[in-house]
Every structure is written in structure tokens, then in C-alpha cells.
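Enquirer: Below: one structure in C-alpha cells.
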Ligand SMILES: NC(=O)C1=CN([C@@H]2O[C@H](COP(=O)(O)OP(=O)(O)OC[C@H]3O[C@@H](n4cnc5c(N)ncnc54)[C@H](O)[C@@H]3O)[C@@H](O)[C@H]2O)C=CC1
Ligand SMILES: O=C(O)[C@@H]1CCC=N1
């Protein structure tokens, strides 16, 4: 069984770890995750999952073949300098850090280290994640296969070019947050119109799930699927008109632009 470690044991690390265990790729007790001693939130979450923890990142490198780098982006160069002396050719690094380039990752590790950049998202926890990955310069086909196997076990997985990673981060990395806001707003609207809140959340969430599955499984254009819902002179047309008046599309498009810009800024500051 593959020995998986996480440097940084926060929200994203825990979501992936839970997904890997549910997929049968490893067991909780075979994972090792590090965090900082004062981070009681991470420690509590890892304890609940039954994942062993350490405050020494070198332990993670020594005990794991595959090491996810899952601290905040700005910490990554310091973390890599700290573990550099114990890195061996058996270690494969998968960085999930937003904006931290392969160049920065490779510069802070021994020459020819095997490094892959990944952009996952938190629905990995329920094996409904959307991940992409990019190979570093010393990565072999076997390493890419390991990344694919791990990521495909917790959702969908695509290989992309590094220049795609910032818009991917803005879309599927951050996207669950945008959708949760939409689910809250849908439910708030229904509650305002008199529906019970529990039922409103359930219907809103299933509607998002169902609409996503329609796009994925029918292969139809989202515009056509929208037209299929919109009866002439009906309620949907009345609702859609208000969304357009409220600038929903423009707001979403500029949200993606701002999130992408943030990734590009991070690439510079984390060098
Ligand atoms: N939360 C999300 O939905 C996603 C997050 N990411 C990336 O995942 C990374 C982690 O993000 P989150 O899990 O949201 O943050 P988080 O704050 O929940 O987790 C960060 C973890 O790093 C640990 N940490 C901090 N300094 C450390 C050090 N020097 N050595 C070892 N561990 C240290 C903290 O104790 C904590 O466990 C970020 O780089 C982010 O860009 C990527 C995709 C999605
Ligand atoms: O908000 C962030 O910076 C991270 C990257 C994508 C999702 N969460």
C-alpha cells in the first residue's frame, strides 16, 4: 500500500486523505500529516479522522513515498528548505498550493526531485472532486500514473499545462465556495417565499448536483438545457430576467478574473 504523507494537515489535506481512505487506497493509520503545534483546528480534524500527526515535516518525508504539500502557499519555500536534506529519489512531491510554480518548487528541492503540481478541490472528501495536475521537469510516466491513480480515486482528473493552473484554481479550486453561496441564496429565497429551511437546502443542493450531472452526462450545451427549463411566459423566465438584471453572469466572470489574478500575484510573492 502506498505510503502517503501530507505536509500541512488542514482542510484540503483532510479532504483528500478522507477520499483516499474511502477509495481503499490507504488506511488512516498509514497516513502521516504535519501541522504547526498551535493549530488546534487541524489537530482536532486529523485526530477525528484517526490520522497520525507530527510537528516535524522531515518525519513526513522520511516515512512517505508520496508527499502532498498542503500548507498555505507562502510557507512552501521555507518548508522545502527545511526538509531538503532528507529528500531521496523515492519521494514524489505533489503540491496543491495555489500559485506556487513548478520552478519555485523545484528550486527549493534537490536537483531532479520529482514534483507534480495539483489543483484539487474539497469535494475530494466525498470522492466528487475535480482535480488537474501538471508534471514537473523530472517526472516520469510512472509518476504521472501515480498522480492519476490517486486523483481519479477521489473524483475526476485531467492533465493540463502549467499556464492553465491559475484559471483552473479560480474555477474548480475555488468553485465549491461559489456554489455554496448559490445554494445558500437559493434556499434563502425559497425560505423568504415560505419554504422550510431544511427542505430548501436539500432541494437547492440536489438541484445543483442534478444540473451538473445533466451537463456531464447529456453532453448538451448548458444554454440548451437552460432553454429546456424555461417555458414561454413561465416562472423560470421571470426568475432568469431578475438574475440578468442583477448582473449574475458578469459577477461570476469577474470573480474568476479576480481569483486568477490572485494566483498570478501569489506566483510572484512565493518565489
Ligand atoms: N481549501 C481548499 O479548498 C483548497 C486549498 N488548496 C491549497 O491547499 C493548501 C492548504 O489550504 P487549506 O487546507 O485551505 O489551509 P489550512 O489553513 O486549512 O491548512 C494549512 C495547514 O498547514 C499547516 N502548516 C502551516 N505552517 C506549516 C509548516 N511550517 N509546516 C507544516 N505545516 C504547516 C497548518 O497547521 C494547517 O494544517 C493551500 O496552499 C491552498 O492553496 C488547493 C485547492 C483547494
Ligand atoms: O482560496 C484559496 O486560496 C484556495 C485555492 C483554491 C481554493 N482554496
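Glycine too: its Cβ is placed from the backbone N, Cα and C atoms.
For 3-97, the entry in TrEMBL reads domain 'Pyrroline-5-carboxylate reductase catalytic N-terminal'. Per TrEMBL, the feature NADP(+) binding site maps to 7, 8, 9, 10, 11, 12, 70, 71, 72, 73. Per TrEMBL, the feature NADPH binding site maps to 57. The domain 'Pyrroline-5-carboxylate reductase dimerisation' annotation in TrEMBL covers 162-266.
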Enquirer: How do the residues of the domain 'Pyrroline-5-carboxylate reductase catalytic N-terminal' (3-97) split into helix, strand and coil according to DSSP?
Expert: 46 helix, 17 strand, 32 coil
Enquirer: Over the domain 'Pyrroline-5-carboxylate reductase dimerisation' (162-266), what does the predicted model average in pLDDT?
Expert: 98
Enquirer: Could you check which of these binding-site residues, 9, 11, 70, 72, sit within 10 Å of residue 57 (NADPH binding site), going Cα to Cα?
Expert: none
Enquirer: Which chain-mates of residue 9 (NADP(+) binding site) that are at least 6 residues away have a CB under 8 A from its CB, listed by sequence?
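Expert: Same-chain residues close to residue 9 (NADP(+) binding site) (Cβ under 8 Å, separated by 6 or more) are 33, 34, 35, 42, 43, 45, 46, 51, 53, 70.
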Enquirer: Where DSSP helix means H, G or I and strand means E or B, what are the helix, strand and coil counts for the domain 'Pyrroline-5-carboxylate reductase dimerisation' (162-266)?
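Expert: Once the DSSP states are binned, the domain 'Pyrroline-5-carboxylate reductase dimerisation' (162-266) shows 90 helix, 0 strand, 15 coil.
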Enquirer: Does residue 11 (NADP(+) binding site) have same-chain partners at least 6 apart in sequence with Cβ under 8 Å from its own Cβ, and which are they?
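Expert: The answer is 45, 122.
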